[in-house]
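J.: Here it is, the structure in full.
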Amino acid sequence: MSQSLHFSPNLTFAKQPFPKLPLPFPTSNSRYPVNNYKSLSIKASTSPSSSSDPQVLVADNGTGNSGVLYNNNNKSVTVSDPSSIEVDAVTETELKENGFRSTRRTKLVCTIGPATCGFEELEALAVGGMNVARINMCHGTREWHKSVIERVRRLNEEKGFAVAIMMDTEGSEIHMGDLGGASSAKAEDGEIWTFSVRAYDSPRPERTINVNYDGFAEDVKVGDELLVDGGMVRFEVIEKIGPDVKCRCTDPGLLLPRANLTFWRDGSLVRERNAMLPTISSKDWLDIDFGIAEGVDFIAISFVKSAEVINHLKSYIAARSRDSDIAVIAKIESIDSLKNLEEIIRASDGAMVARGDLGAQIPLEQVPSAQQNIVQVCRQLNKPVIVASQLLESMIEYPTPTRAEVADVSEAVRQRADALMLSGESAMGQYPEKALAVLRSVSVRIEKWWREEKHHEAMELPAIGSTYSDSISEEICNSAAKMANNLGVDALFVYTKDGHMASLLSRCRPDCPIFAFTTTTSVRRRLNLQWGLIPFRLSFADDMESNLNKTFSLLKARGMIKSGDLVIAVSDMLQSIQVMNVP
């Protein structure tokens, strides 16, 4: 049996707070036997045609014949029979083997490169827990990236995965060239290297690096410190000869193609020239057109300086693809991004804490606090956030991470970030599968510790609903998540067409996993980036009783749930909360 509360957005309380609804549930953590109750559905309306008394419909749970439920126009809802359900193969296996409480909540993003671009390598990553495959437009050709996208799509279709695709733009910042085709170059201490804007037709001289910015030689000064890839390698400018800049290596390291360059003078970052460059370059616009044509799920924009850039890009995507569900991710990796953080997050569909480049623009000791602040703002504004850059950097060359790296990953999980991202570790590292396994095992262990220790953080989640209907959805999800923790339920079910209510539940970070049922494949893949969500594709109707009965039947047949499991269900079609045991 089930107990439910239904709300209608037609209710109006002129400048009154939301009415406090008494909930007939205990607040202890013991499981609550709801079998003795019948389903209660309430609808109230202030429209002239309705009576002054609310309509109450009562029906037994599990019969599939709960009478007529009404939508906002007081018309009966047409019920359709879902014939199948799509779920990620790895999640299905985890649920069968380990149960609800052992499913991983933190999502994993893998950058695809030469080490992982083959179909078998991609499948190994998907089996290992990859939720999102990232393609970095700084490297490779569009034809190469197209082949990767095709393999990921084939993987989803043939093997039963739901891996989303994120395209990361290059951005307009100053960076190195492609190293003449070499995959990397080693800069040793004391070596003299030349950074030049020349275009070499013949093989370039030894220890010479191209720079993409024509004014580079004019802007740098002798004595400036040049940082490669956020400080992974450092040089001191010792001489300027026309378009060439001679530099001495002061901190040795590995040089990678198209690595970002920043230069410092008298202990401060030289920002003026970068500030004049556009956030989205002409190449980026061509890459964005490519991403739209290929139907990627996310586009990550580098070096975002303001919300205006995000809004412009969203309008551009909408004009080029009116039915597109592409989400825009803002990469927070500059001082300007931090200054305008809240407006950027509000405008975007999510954010990435790009710690490598961010650490080249602010003092290193400020990066941890900046990360925590970005994660917190994203959580408050209900936007997924990815912690990226150098999570397991040593595993590019070694099979085991450093203990400091494990602690760093643990902290990101403890901060309740939505996702963790591998960069070079999976793109060009020698142990991509092992690196992913480390992220997965650390995430599961820290999440389990958090639940065992009852760390229900007291983060204030501000109201974000822009309409009255959105505010009701928000209150429902907040209440459902709190009830789930208090009652110790096994899972939260959410039926959502656009994914909004699923994201609201994810924002609350409940103890139990969230089963998100949606009718659209693209929405399902997008939800795969958000904390705690297990996205399913399922055809459903507006009749919650029918949806639940058929969902129970389909999931029980696959061994993913069993009779007696306690579930709370919400829906963005009929704004409601239902609590029930699986029949």
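Every residue number used here counts from 1 along the chain in the order it is shown.
Keep in mind that glycine also has a Cβ here, set from the backbone N, Cα and C atoms.
So Swiss-Prot lists the following for this protein:
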COMPBIAS  43-52  compositional bias 'Low complexity'
COMPBIAS  62-75  compositional bias 'Polar residues'
BINDING   Arg134, Gly356, Asp357, Ser389  substrate binding site
BINDING   Asn136, Asp168, Thr169  K(+) binding site
BINDING   Asn136, Met137, Cys138, His139  ATP binding site
SITE      Lys331  site 'Transition state stabilizer'
BINDING   Glu333, Asp357  Mg(2+) binding site
J.: Just counting, how many other CB atoms are there within 10 A of the CB of Asp357 (substrate binding site)?
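T.: Around Asp357 (substrate binding site), other Cβ atoms within 10 Å: 23.
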J.: Of Asp168, Lys331, Glu333, which recorded positions are close to Arg134 (substrate binding site), meaning a Cα within 10 Å of its Cα?
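T.: The recorded positions passing the 10 Å Cα test are Asp168.
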J.: How far is it from Glu333 (Mg(2+) binding site) to Thr169 (K(+) binding site), counting Cα to Cα, in Å?
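T.: Taking the Cα atoms only, Glu333 (Mg(2+) binding site) lies 13 Å from Thr169 (K(+) binding site).
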J.: Quick check for the class: what is the C-alpha distance, in angstrom and rounded, between Ser389 (substrate binding site) and Asp168 (K(+) binding site)?
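T.: Each residue's Cα considered, Ser389 (substrate binding site) and Asp168 (K(+) binding site) end up 13 Å apart.
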J.: Determine, for the ATP site, the additional residues of the same chain whose CB lies within 8 Å of the mean position of the CB atoms of Asn136, Met137, Cys138, His139; present them in sequence order.
T.: Ile135, Gly140, Asp168, Glu170, Arg258
J.: Can you grab the distance from Asp168 (K(+) binding site) over to Asp357 (substrate binding site)? Cα atoms, rounded to a whole Å.
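T.: So the Cα of Asp357 (substrate binding site) lies 14 Å away from that of Asp168 (K(+) binding site).
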J.: Cα-Cα, whole number of Å: Lys331 (site 'Transition state stabilizer') versus Cys138 (ATP binding site)?
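T.: Rounded to a whole number, the Cα-Cα distance is 14 Å.
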J.: When you measure from the Cβ of Met137 (ATP binding site), how many other Cβ atoms are you left with inside 10 Å?
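T.: Total other Cβ atoms inside 10 Å, all chains included: 24.
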J.: Taking the Cα atoms as reference points, how far is Gly356 (substrate binding site) from Cys138 (ATP binding site) in Å?
T.: 15
